Amino acid sequence: MAGEANNNLQVLNALDLAKTQLYHFTAIIIAGMGFFTDAYDLFSISLVTKLLGRLYYTKPDLLKPGTLPPGVSSSVTGVALVGTLAGQLFFGWLGDKMGRKKVYGITLVLMVVCSLASGLSFGNTPKGVMATLCFFRFWLGFGIGGDYPLSATIMSEYANKKTRGAFIAAVFAMQGFGILFSGIIALIVSAGFDHAYKAPTFADNAALSTVPQADYIWRIILMFGALPAGLTYYWRMKMPETARYTALVAKDAKRAAQDMGKVLQVDIDPEAAKIEQLSRDEANKFGLFSWEFVRRHGVHLFGTCSTWFLLDIAFYSQNLFQKDVFSAIGWIPPAATMNAVQEVYKISRAQTLIALCSTVPGYWVTVALIDIIGRFSIQLIGFFFMTVFMFAIAIPYHHWTLKDNRIGFVIMYSLTFFFANFGPNATTFVVPAEIFPARLRSTCHGISAAAGKAGAIVGAYGFLYAAQNKDPKKTDAGYPTGIGIKNSLIVLGCINALGMICTFCVPEPKGKSLEEASQETISGET
């Protein structure tokens, strides 16, 4: 340890050994608010898709409530994911080129503007409304994508060695609150509208069951996402650039020492000579597309990409189709027995309950334990139990659909969520921010996260088609026959098992400094 302390830069040492202070918590909240907004925006759409179907796609014969056609439905839910994937790659690369802080402001402005714009629409034809919504949700996703690599990198570079995992996981855990908040806002808005504009159920009077004012509901819910992000803009801009970027990438020792001296309230020696030595050291110059990178980090990058990819197939197909699962087991009554506003209320209530009981606790159990039992163990445990519970739901699927067994089904379903969040959903975000060199850290995190989003797109689009009934008479309007929910869940179980195997490619960075974990050499070290 002493050898490492002498050889490492004093400014980085000071950060590694710093006691947990107020600035750590400030950084968690500033970085976490981006994630709060991300989760709010990505998941709030699933609360209002049924309403959009009723508003814009109810046929004149009024035989059953309108639903979004397959192409429109998958575009509305999936387009933000495509934007996120593009944003992760672009802003991840930019974060290593321009610095974390500069790029951080750009992503936030993009998120705020596009959140507000996604509630506005050009024209009132179904085509016009959906096209506008998809356009702005793509760019909203693009901004959200930038937040992934930047938030993780900033937090890992600010944190101390002992509790770094918990801090990065805490930033990610704000996602849970974002999902919860989207449900609560939807509940408040729909309850208010239902109270103000009484409407009969669809079965009683189809024409009057959707009040014209319901068109404001989805807009208010989506636009609310801009609020938390907008509130943190000022503090985001006041945060200094991370010392690791300034010292190791920008090679400005004096600036790094000054910035961190202010934050830590200690005097730090800039050690310009060591930075000079570092910039001459050939071992620290290899690029992303070099054999040296493949030799040192190739397996690690494969590990972080594959585990995140596999996890997100399962995680997003579960999350985006919660309401379909709830309808199938009768938690949400048949659409015809409700008016449009009541349907939003019932869907939001079910989603909020799941978030409260399983999603949010899972994240915080990870925060509590990640620096004690390590990232590797948590990821392995999580994938293992997700596999177990997925098969336990899928194989006796008919048993769970019977009225008497519904509560058991919901408990099993909640447990798969709990172990996703106390497991790979958190660790796949934490590890890529720790195991790559500073000059490639944001890029590699962006690549890993983009692999995850590719999985999310497979989950979101693929599951939509796969889960359709095998009987052509029972499929949703416009969909081809699928393999049914039972077989889809079996496939997801196999995907989780594969994730468990790929976890063995990921190293354990617990208790190491970032320079040790990423094998960055500093003069005298090998």
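Placement of Cβ uses the backbone N, Cα and C atoms for every residue, glycine included.
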(Q) Under TrEMBL, the annotation transmembrane segment belongs to which of these stretches: 68-91, 236-259, 476-499? (A) 68-91
Q | Outside the transmembrane segment (407-426), six or more residues from its ends: residues with CB under 8 Å to it | A | 169, 172-173, 176, 307-308, 311, 314-315, 318, 325, 329, 331, 354, 357-359, 361-363, 365-367, 369-370, 378-379, 381-383, 385-386, 389-390, 392-393, 400-401, 499, 503
Q: Residue list, the transmembrane segment (352-370) vs rest of chain: Cβ under 8 Å, 6 or more residues beyond ends.
A: 165-166, 169-170, 172-173, 175-177, 179-180, 183-184, 187, 322, 378, 410, 413-415, 417-423, 425-427, 430, 510
Q. Residues of the same chain, at least six outside the transmembrane segment (68-91), with any C-beta under 8 angstroms of its C-beta?
A. 41-42, 45-46, 49, 52-53, 56-57, 103, 106-107, 130, 133-134, 137-150, 316, 320, 442, 446-447, 449-450, 453-454, 456-457, 460-461, 464-465, 476-479
Q.
When you look at the transmembrane segment (22-48) alongside the transmembrane segment (166-193), do they share 3+ Cβ pairs under 8 Å, ignoring any pair fewer than 6 residues apart in sequence?
A. yes
Q: Could you pull out which residues elsewhere in the chain have a CB under 8 Å from any CB of the transmembrane segment (446-467), counting only those six or more residues past its ends?
A: 70, 73-74, 77-78, 81-82, 84-85, 88-93, 95, 145, 148-149, 301, 304-306, 308-318, 320-321, 324, 428-429, 432, 479-480, 482-485, 487-488, 491
